[in-house]
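Quick look at what Swiss-Prot lists:
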- Gly160, Arg161, Ser162, Ser189, Ile230: NADP(+) binding site (BINDING)
Amino acid sequence: MLLKGTPVAERILEKLKQKISQSPTPPGLAVVLIGNDPASEVYVGMKVKKAMNLGMVSKAHRLPSDATLTDILKLIERLNNDPTIHGILVQIPLPKHLDSNVIIQAISPEKDVDGLHPVNMGKLLLGQLGGFSPCTPAAVIELLNYYDIPLQGRHVAVVGRSNIVGKPLAAMLMQKHPTTNATVTLLHSQSQNFTEILKTADIIVAAVGVPLFIQENMISPNAVIVDVGISRVATNNDKGYMLVGDVDFNNVVTKCKAITPVPGGVGPMTVAMLMKNTWESYQKSSS
């Protein structure tokens with residue numbers, strides 16, 4: 001079974017669009033782009049366009065790659081104090097001379113719709129309400145819930161321990177809640193008996209950032225696979241490349257129980273979760 005994210009994301013976005021159309025003022029999303037990374041340009045443009053299509057006010061704030069930390073913090077402070085802005089997103093990766101932790105911590109937790117501020121991460125780990133969940137981990141859980149794939153009591157192997165996906169996803173999956181409550185193993189490059197552990201997993205979430213890393217001999221026949229990765233791999237087609245995930249889809253798809261495609265799986269859901277967080281921030285500011 002294919003776990004397609006696009007139709008699920010479209011349903012979420014359509015509901016948001018209806019709610020926004022009935023609101024007295026539009027939610028505002030500010031996207032900060034530092035430098036001229038081509039992939040980041042595409043992602044920022046897509047997020048701004050999606051927000052505007054929903055009826056939000058959205059703008060990309062571009063700074064040069066040699067922007068100083070002072071310049072960036074001044075911009076974030078201005079956005080923090082702007083009552084028409086309800087969500088602030090700093091596009092990652094950043095130029096090497098910048099510390100992403102300092103920049104993320106400068107964002108008001110109430111406007112941190114990416115869910116990466118330490119305050120929101122802390123609430124997530126403690127299972128407290130009121131914070132924002134990181135968009136990609138939230139997308140993974142939303143997608144599994146939509147397709148009625150139970151998590152409670154199941155063994156979920158998360159491959160990758162990044163602050164953006166792996167760590168927060170593990171924390172969310174283990175929460176004592178009817179939609180999660182899973183037994184979680186977090187695997188990484190130093191994990192011993194990697195394949196043996198992976199084969200015991202009911203659900204595998206691949207978020208390691210290595211193209212085609214998960215092979216068919218590493219999974220059990222009844223595993224559900226969620227592929228978070230997306231990479232460009234050079235090919236001889238007209239584009240000169242193709243998009244692939246962290247899972248060797250063509251060989252794994254015939255063996256596993258269900259799998260997300262790349263593209264069209266987790267990606268659209270991540271954007272939908274960003275818009276959902278922005279709407280929730282708007283609601284909180286209006287109450």
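Cβ atoms are placed via backbone N, Cα and C, with glycine included.
Counting every protein chain shown, the number of other Cβ atoms lying within 10 Å of the Cβ of Gly160 (NADP(+) binding site) is 24. Counting every protein chain shown, the Cβ of Ser189 (NADP(+) binding site) has 10 other Cβ atoms within 10 Å. Within the same chain, the residues at least 6 positions away from Ser162 (NADP(+) binding site) whose Cβ sits under 8 Å from its Cβ are Ala207, Gly209, listed in sequence order. Cβ-based neighbour count (10 Å, all protein chains) for Ile230 (NADP(+) binding site) stands at 17. The Cβ of Arg161 (NADP(+) binding site) has 18 neighbouring Cβ atoms from other residues within 10 Å, across all protein chains displayed.
Binding of NADP(+) is attributed in the record to Gly160, Arg161, Ser162, Ser189, Ile230, and the widest Cα separation among these residues amounts to 19 Å.
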